[in-house]
Amino acid sequence: FYCSTVLLFYSLTVLHEDVGSTRLYFVKASLQRLTYSSSVGVSLPCPAGGTPTAILRWYLATGDDIYDVPHIRHVHANGTLQLYPFSPSAFNSYIHDNDYFCTAENQAGKIRSPNIRVKAVFREPYTVRVADQRSMRGNVAVFKCLIPTAVQEYVSVVSWERDTVSIIPANRFFLTSFGALYISDVQKEDALSTYRCITKHKYSGETRQSNGARLSVMDPTESSPTILDSFLAGEVRAGLSVELPCIAAGYPSPTVRWLKDGRPLPSDAHWTRRLTGLTISDLRQEDSGSYACEVTNSFGSKEVSGALYVIDPLRVTLSPKSLKTGISSTLFFTCAVEGSPEYTVAWYRNTDPIIPDQHISIQGPHNDTLQITAAQKSHSGAYQCFASRKGHTAQDFSIILLEDGTPRIVSSFSERVVAPGEPFSLMCGAKGAPPPSITWTLDDEPVVRDSAYKTSQYTLSDGLTVSHVNVSSPAIRDGGVYRCAARNSAGSAEYQARINVRGSPRIREMRDITAVAGRNTFITCRVIGYPYYSIKWFKDGMLLPDNHRQVVYENGTLRLSDVQKGMDEGTYLCSVLIQPQTSIDQTVHVTVKVPPLIQPFDIPSTSVGKLMYIACVVSSGDMPIRITWHKDGQLIVPGSASGVGIETKEFMSSLQISKVTLKHNGNYTCIASNAAATVSWERQLIVTVPPRFVVQPNNQDGIYGKAGVLNCSVEGYPPPKVMWKHAKGIGNPQQYHPVPLTGRIQIMGNGSLLIRHVLEDDRGYYLCQASNGVGSDISKSMVLTVKIPAMITSHPNTTMAIKGQVKELNCTARGEQPIIIRWERGDTVIDAERNPRYSITINKKGDEVISTLKLKPAERGDSVFFSCHAINSYGEGRGLIQLTVQEPPDPPELEVREVKDRSMNLRWIQRFDGNSIITSYDIEYKNKSDTWDHKYTTRNISPTNNQANIVELHPACVYSIRMYSFNKIGRSQPSKELTISTEEAQPDGPPMDVILQPMTSQSIRVTWRAPRKELQNGVIRGYQIGYRENGPGSNGQYSIVEMKATGDSEVYTLDNLKKFAQYGVVVQAFNRAGTGPSSTEINATTLEDVPSQPPQNVRAISVTSDEAVITWAEPPRLTLHGVLKGYRVVFWSLFPDGEWGEMQNITTTREQVELRGLEKFTNYSVQVLAYTQAGDGVRSNVLYIQTREDLPGPPAGIKAVPSSPSSVVVSWLPPHKPNGVIRKYTIYCSSPGSGQPAPSEYETNPEMLFYRITHLTRGKQYLIWAAAVTTAGRGNISEKVTVEPAGKAPAKILSFGGTVTTPWMKEIRLSKYTAIPVTVDGQRQILSNGTLVLRSVKAEDSGYYTCTATNTLGFDTIIVNLLVQVPPDQPRLTVSTTSTSSITLAWIPGDNGGSSIRGFVLQYSVDNTEEWRDVFITSTERSFRLDNLRCGTWYKVKLAAKNSVGSGRISEIIEAKTHGREPAFNKEQPLLTHINSTHAGLNLQGWTSGGCPITALLLDFRPKGTWAWQSLKANATAQLFLSELREATWYELKMKACNSAGCGNQSSQFATTDYDGSTIPPINSAQEDRDDVKKLFSIGSPVILVTLGVALLFIIRKKRKEKRLKRLRDERHSSKNNRSMDTPVKGPPQGPRLHIDIPRVQLLIEDKEGIKQIGEDKAAAPVTDTEFSQSVNPQSFCTGVSLHHPALIQNTGPLIDMSDIRPGTNPVSRKSVKSAHSSRNRYSSQWTLSRPGQSQSTASARTLTSDWRTMGSHGITATESDSYSASLSQDTDKGRNSMVSTESASSTYEELARAYEHAKLEEHLQHAKFTITECFISDSSSDQMTTGTNDPADSMTSLSTPSETGLCRFTASPPKPQDYDRGRPTNVAVPIPHRANKSEFCNLPLYMKTDPFFRKQAELHDPCPAVPPREASIRSLAQRAYHTQGRHMTLDPSKQQALTLGHSGLGSLGVSSGTATLPQRTLTMPSSNPAATASTSSTSSNPTGSSTKMGGSRDSLLENSSSALGRLQKQGVGAYSKSYTLV
């Protein structure tokens, strides 16, 4: 129940009546509660006043008067109570939280106001919070703002926000009167928002925003009701409205029923049932009662109840309002109270509570009647009645004036004469207090009301009492002296006058009179009848008056003044003259009585214990006289109790006190009375006692701000007068001064000094001095020390800081030292040591401590409360500082409400104001194409406005609008720009500044600017460019191209133009309305280009042996494409060994050139090209020319050795420069001593390089030399050698050593000529002629060959250096720079393979394609730029070098990305510029291009809940309007922007407005729910079906796989049981497949031992490595590696060169393999083996390298227990995220296979781990390899596994030897073999190690003390042959020895059991049967008795016997190959 706390602010109405001219009143409303901020203070005027000016005083409710406290509290002279601002440390509840009242006092009395509760509220930091809520869809959600209890009374909720937008109560949102937020019919979208409450502090004005709370929306579930919000008992003031909340949740939705007092609530207009509960308006008393709310659904019910009390405000009426009456009156006051019962009444007189006594009684059931009897003068004053109920008070007052109310006659009658029977009336008016009553007498006889006399009396409102006597028929007896007497309790007054009735005069009988001596007495002569002449008085015969005390009035009355007994007592005669000589008379006797007269006396002072005698003597008076004594008004009873004795005589009485005590002090009165009067005499008896201290003052401490009492109690009589004096200072007192007694400092009744509020100035010496005139004065001094609690004396309550600047907060504290100052930020203590943004410094200045908190710098979040706390032993002070960090405001949120042709209406919302009041707004707008320097500004818009109209706009223009807000700090950032567009018209102006710039030979760039803005008349949508050729033969017609507009400046490139031709161009602009005028035609000529054809008729003529002439003709003119600058002749030599000479060129302008200085008889290649300014044109075809022959050079060497006693053998080398065709050699032999003049000549054919000269003489020396002969003649002779024939001679070798160079894969013969035959031994046979034959040489065959000939007489040795040329090594390719359209590459060439590099082939393709493009680059280039690439696109690039042998290995495929990314929508930009009922403006400029021009922008939109999308294409730079929309409809919008880098998406929802511009709520209807269900069903059904289909397919495939594996296991088992060691195995390999699942890749390792499914983790395939094991079970394994990729569904695949992959290389296929998984691949180029069991201190990892050529001389040795895991060594995804990734990733699968080669599959495969993403397939050499032969065995189809869906095998093979024999050129990537390092055997390839010759050498010499790394990495698979699923064959035992490595042989290598290595190269021994399948066989460990059946195929790697070679040549199969299968 919402209990409304109503503060009754009531007005004390000015109620007064004039009581004379004196009155009191209340001048204005009086508050019962006043709460104020301590930082502001308050002024409270006294609500009472008076006339004349009243004295105004303030009191505490306790009655204590108010005293001033400096700087804390002060009462001004005009009665205003001022409470000053104060710091928390100065808080005093006695002052700042107390009840006050004010009094007004003047002569009329004194009135008081009701108590006013004055309470100071501190500025304390607080936070408000909103808790997250949960609700079911369709239910109600309740958010409450949780305010801390400490400030709940002062803080109220002012608003709620939803996502920073204020919630306006409407639709489903309700704000209750007590600050809660209700959301009805909760929807799912409600959970997307955050909800905050905004509160405001009543007194400080501070606002707070709560945290953002979220709403969790759940689907409805059946549940019983739950009460979310309810009510309790409470009181509400009548006339107001009240809400009784009753909110419940549940499903089904509960129903609500209200009960009052147990009965259903009747229908009544002021009871309203709402969603929020029950609202009762205009509350009445009868609405009070017990209310209950019942909520019920089908699952239960809940009830909440509470009592409501409707209370009427109290109203008091006091009567009479004012009264003036006399003393002794009886007064009645009635206090009528209206309003709610249970109130109490209190009475006050002159602000003092009335205590009943003998005069006053309070009566009535509520004490509402006050009676005063016998009112005394002291009872005058102001009477107030206060009615109170639960702190609420009402009052009324009345002014009572009691005066000496003796009546006075204010109006009377005059004397008159009437005739008998003539009626007359007499009136007498009198006033008195109380109002008197009037009586009438006639001649001292009462007038009796009868038939003759009629009397009446009444009192007027002014208190005048009027009485009338009417005589209707007077007679003579009715004449006489009429007297009216006014009497009341205060006295009486009389008036008399004579009424004469005509008739005979006579005198009535007169009574005797008694007079009192000393007073006045009147004697009336009672004459009746008229006329008469005179009335005279006589006494003792003497006519009166005879002295000054006697007066006779005209009416005959005698007055005796100051009656004297002796003189005035006697008989008086009244004589009436009725005729001149006739008179009548009557006598009266006057008796005089004398009152007593007391003789004055005094009572002297005395002291205690003395005797006292007091006499009272009556000096005159009539006896008897009675004398009595009174003390202090009480009759003295003599006796021992009183200690007083009385002795009385006739006219005297004495009072005797035998022993005076203090109780005898008092006033003594002697009273004497007799028959005449009572008189008295009063005097005071003073018994004196000298003063003395009861409590002496002592030194004491006082605490500042607290109350203190300086004790000093004295006694004595008269009561001593205590006076306090003060001497300032703590030192010796100098001079005492009286202490000023104010309200703050007072002397208490016992003499102590009360200081209600101790101040610092109060410290010092105090002197308490007492005196009473008796004896000497006494005094005593003391010292008061004032202890000051720690207090903050100076600090800013609020302070400002500028964001980003350093701010200092200062706090000054005072108090007793030491003082500790602590700073807090909110509730958190600031620790400056831990937070470097704060620093705190402490400075002492006198007795003050100054603490400075420095913020470095101030931030927005620092706008909080900082507090400094000063602490000492006497207290704690706190200073609260509100820091407001000011900054320029946030920009306003601007929106366009309406756009017209020349105006627009803007509206904005200002959010954060920067903590400074917004002073103004500026709106800027400009043409969209202009800069903001050309803006229009509407300035100084009032901050009270939130909308504006912008007028005088141009039609058909696009405007950008932004807005600034200003505060005193500065200007905000601009708001988000809004773009509006007015209606369009056809352009009136042409494009401007059309410029043509030839870009290339076939393109011209056209640039222009848009037409003048004022002529565009709309948004230029695009342009039409017309162009035509202006050269001869053109038709003059324009070709038109159209482009979309992109901005103010446009560029278009005309492509595919004629080279070096003139074109004319015009441009037109168009918009939606049409096309504008065209620009003036401008001409331009395309640039020059290189000639497209070479020179014609190129001829070469050899002139001499070193000169040639080249001639040609000019290329056709049309193909020059520019101005011909000249020609360039390029030529180079071709040497017989195939090497190229240096390339040279000659430039000339002629069409002929002479080449001089050529090599003789040398082939030259010549090309001619023409060049223009653009560069070199196309070269002509290569023209070959050979220079003419010349004389040859001398033979390069000559030897002569004795062959027999009569012959020698001569050998020689051909000339280094033959200079022609050697026709013959001539050998010269001469004997120096023979005398023969001419030497003998012998001729040989040119093929012979040795000659036997016979018939020589034994023992004779001969000179021998030789010369070569060409057609030009005989050349120079060689050097001469001397030889002597002999029968026996040491062995000599006729061959020559030196260097022999040959391409690889050729047969080389190294001839050895010796006279002594040498035994031939080994595989490489030495022929009988001494020639060493090496077939199919490889790089490993390079080296120095030593040929030694030995006999018994000696030996001879030659060394031949064999250089085998191989294709060049891979270049090292890197990316140097990239741009949006180019990639610049650089490279470092690798080893040239022994032959000079002739050029480079660069291949590149888009990353996700395999469409490679080739670029040929000359050998001199080391960088190249790829131009005209797509922006923001990844490219793959690879490079290979070429030499005379062929193309080298391909470089690593590197990936590089051109600059740019896909478009993205700027989140800071609004997606929609404005929306109305039929249109929506889209801000397409929010798209950022990402650096690549946006090529397409697609939009789809539809009404929400429909299926059909409407599509639009838009220009990304323009604004788009969606038109013809439905009004008041929600729409879904999807946008896609694309460029070459990709596409970006943006989606949104928006709603059109209603026809009146109002917004609509989110869709919430049952129809929408049904549509959602339909949509979900429509979408979900296919998804479920597809999912089930995929699951079914997966199960089927799994079953098939299990069946296939079972079949393989059965076949393996059958094969194992049925095969013999020598029996060939037919059919597929009988080993298991070890499945390793990798994302989209399956790797199958086939093993005959069994099948293991490895790894459930699809991202990792574990494997271990025990390749370093010393002992392995001798088994044969099918170690083919199958890579399964589901995307490659084909039976054959491109060939991949996997035969000699080096680290970082990438086998790439030239065939296009388009895969569904075409994403880029991320692989590491290196794998690392790590031992899981090793600690970090040991070598726990080894890197597996695939570089076979760089093995070190020391291997790796490990134990059998070592296991390793392979993992990627680096994450190339990170590299990919950069612009360029140069790390190769493509060799991963080759290295993965190699990692499996390192593993012992059957034992530790489970322990290695790989992390792989995708596969990568490409190669540059596979086409050549695939098409290099027509042999069916080469077909990949024949090698594939039939009918294996999705299985593709990729096999790489190098060129076949027969290809070289056939002379076919090849372009194959071929690996470079190993070269020997330290040990020949260790570094020989595997197929050479299987040679028995090398095995024997290994057994003899043990050249490998340690296993080289690469060999160690492949030895773990003992007796295993490397093969794939190709054909297999079996070798006969004689050939199998070549395949066996025996136990002893390996033992020398440190291996304990016989093992074979998994080769990286083997010779293929294929079967001729195309259907043959792979098989395996085991190998024995015995080197002699075992044989190996090697699984062979075209993939086998064996080349070790002539028979095998013969088969190989017969089958035409590649030398070696390696197979991978990808599925």
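Even glycines carry a Cβ here, placed using N, Cα and C.
Keep in mind that TrEMBL annotations are predicted by a computer and have not been checked by a curator.
According to TrEMBL, the protein carries these features:
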- 1-16: signal peptide (SIGNAL)
- 225-305: domain 'Ig-like' (DOMAIN)
- 313-398: domain 'Ig-like' (DOMAIN)
- 505-591: domain 'Ig-like' (DOMAIN)
- 595-680: domain 'Ig-like' (DOMAIN)
- 691-785: domain 'Ig-like' (DOMAIN)
- 789-886: domain 'Ig-like' (DOMAIN)
- 888-985: domain 'Fibronectin type-III' (DOMAIN)
- 990-1089: domain 'Fibronectin type-III' (DOMAIN)
- 1094-1190: domain 'Fibronectin type-III' (DOMAIN)
- 1194-1289: domain 'Fibronectin type-III' (DOMAIN)
- 1246-1351: domain 'Ig-like' (DOMAIN)
- 1466-1557: domain 'Fibronectin type-III' (DOMAIN)
- 1576-1596: transmembrane segment (TRANSMEM)
- 1605-1634: region 'Disordered' (REGION)
- 1694-1785: region 'Disordered' (REGION)
- 1711-1720: compositional bias 'Basic residues' (COMPBIAS)
- 1721-1748: compositional bias 'Polar residues' (COMPBIAS)
- 1756-1770: compositional bias 'Polar residues' (COMPBIAS)
- 1821-1844: compositional bias 'Polar residues' (COMPBIAS)
- 1821-1846: region 'Disordered' (REGION)
- 1951-1998: region 'Disordered' (REGION)
- 1966-1988: compositional bias 'Low complexity' (COMPBIAS)
Counting only CB pairs under 8 A, let me know which of 225-305, 505-591, 595-680, 1466-1557 has the most with the domain 'Fibronectin type-III' (888-985).
1466-1557
Counting each residue once, how many in the domain 'Ig-like' (789-886) are helix, strand and coil under DSSP?
3 helix, 61 strand, 34 coil
Does the domain 'Fibronectin type-III' (1466-1557) come close to the domain 'Fibronectin type-III' (990-1089), meaning at least 3 CB pairs under 8 Å for residues 6 or more apart?
yes
Can you tell me how the residues of the domain 'Ig-like' (225-305) break down into helix, strand and coil by DSSP?
3 helix, 49 strand, 29 coil
When DSSP states are grouped into helix, strand and coil, how many residues of the domain 'Fibronectin type-III' (1466-1557) land in each?
3 helix, 44 strand, 45 coil
Mind looking up the mean pLDDT for the domain 'Ig-like' (595-680) in the predicted model?
90
With DSSP as the yardstick, break the domain 'Fibronectin type-III' (888-985) down into helix, strand and coil residue counts.
3 helix, 45 strand, 50 coil
